[in-house]
Amino acid sequence: FNQLIKCVGVEKPQNLLDTGPPGPGLGSLRVSSSVFQGSDSELKPDKDGVSDSESKVDSGVPEVPVPPDDTPEVLNKALSGLSSRWKNWWVRGILTLAMISFFFIIIYLGPMVLMMIVLCVQIKCFHEIITIGYSVYHSYDLPWFRTLSWYFLLCVNYFFYGETVTDYFFTLVQREEPLRILSKYHRFISFALYLTGFCMFVLSLVKKHYRLQFYMFGWTHVTLLIVVTQSHLIIHNLFEGMIWFIVPISCVICNDIMAYMFGFFFGRTPLIKLSPKKTWEGFIGGLFATIVFGILLSYVMASCRYFVCPVEFNNDSNSFQVDCEPSELFQLQEYTLPSVLESVTGWTTVRLYPFQIHSIALSSFASIVGPFGGFFASGFKRAFKIKDFANTIPGHGGIMDRFDCQYIMATFVNVYIASFIRGPNPSKVIQQLLALRPDQQLHIFNSLKAHLIEKGLLPAMEVNA
């Protein structure tokens, strides 16, 4: 009976009987008005584009408090006479120029500063996502969630950065005894640190809240997967040459700006429900603008050794160096144009850097697939009924709002380099050989000499010697 009453929307059983004069049967049943208006209320969307039915489904998720508007007072006064639409346009434009200027400054300061900035951005993005989880989680007063989240961040960073140091600073590590020991047992230490956090989580489980705690445990690990892993790949891309860091990031920034501009002035057709302000006009305009931008930027940067040479550590000066003989990828070559393009341009050949051709793939991915990182973030924010991850940057939201597309781009660039660009690295092979025992080195030397003699690559004079 209780289940039947619940299904038809009748109020609680103790309130079923009317206190008025008795009537036939159970008396006057006070039935909720939603029973008779259910079809309208379920289909009617609210002001945010979310239907009442969606709100009911998500009603068990506490809403995250909306952060206050941190737009500088100077801008608020200067733009007070404009509509909210144009005010937001100017705020976003001014802050975008400021961020681009800051990006140029950190590029000028060199790869070490870039790595530190990547680490700072990673920590801030992690903080913004975990803060949303804590706002939902804090009301249950369960222990150790925030502490364990930051502990796991420390463990994962120790593992990834330790791998990077061992890989790229091998000679330095072998030279210092403490570093050599840490490098040798690095993975065991990393696993022991993680296992400690795992045990702490098990000990923190509270009766009646097991499901929620495991939910937040998964929240933390997915955040680590999205944020820390991708930032680690960004640093690996940087070591391949600053051009592999700057061009992909610049393409994402360009696509974000141009899609916004085309959508602002020409947008009419909605692109996806998760982001109602995104339009097909902005999406297509941003695609073509980004491809052109990527080709031009690649042409400028490919001619400079500072950008194309791999970032390596100089053991003599104990500093990074970016000096090398550019590979064929960054040397001008002549290409014959297809007949269709020849009839349009009147040119039979064109001189390009091979990297410019690769830049088309990078800019196309940044324009076509990259925005799905933003759509993913939009779905996440709508799930918790928030506009932005934070209010760190006025008009733009939090750091995560600006870097949601960068992370998926970093993975693509790393996979692209491994699949189509990178070959065997002789310097790393030599470093590994120098770490072997003398008898192992001698065995490899004799094997290599015999192989070269067999191939006829070793001159007879050197063989006799």
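The backbone N, Cα and C atoms fix where each Cβ goes, and this holds for glycine too.
Unlike curated entries, TrEMBL annotations are predicted automatically.
The feature region 'Disordered' is assigned by TrEMBL to 14-69.
TrEMBL lists 41-57 with the feature compositional bias 'Basic and acidic residues'.
The feature transmembrane segment is assigned by TrEMBL to 144-161 (among others).
Per TrEMBL, the feature transmembrane segment maps to 188-206 (among others). Same-chain residues lying 6+ beyond the ends of the transmembrane segment (188-206) with a Cβ under 8 Å from its Cβ atoms: 142-144, 148, 151-152, 154-156, 158-159, 162, 182, 213, 217.
Summarising the annotation, TrEMBL assigns transmembrane segment to 213-235 (among others). Counting same-chain residues at least six beyond the ends of the transmembrane segment (213-235), those with a Cβ under 8 angstroms from any Cβ of the stretch are 115, 118-119, 121-122, 125-126, 129-130, 133, 137, 142, 145, 148-149, 152-153, 156-157, 160-161, 164, 201, 204-206, 245, 406-408, 410-411, 413-414.
According to TrEMBL, the feature transmembrane segment maps to 241-266 (among others).
If you look at the transmembrane segment (287-308), the same-chain residues 6 or more away from its ends with a CB under 8 A from one of its CBs are 241-243, 246-247, 250-251, 254-255, 258, 262, 322-324, 326-327, 329-330, 352-353, 355-356, 358-360, 362-364, 366-368. Among the features that TrEMBL reports, transmembrane segment is placed at 287-308 (among others).
Same-chain neighbours of the transmembrane segment (355-377): 243, 247-248, 251-252, 254-255, 259, 272, 274-275, 278, 283, 286-287, 290-291, 293-295, 297-299, 302, 308, 329-330, 389, 400-401, 404-409, 412-413, 416, 420-421, counting only residues six or more beyond its ends whose CB sits under 8 Å from a CB of the stretch. Look at TrEMBL and you will find 355-377 (among others) tagged as transmembrane segment.
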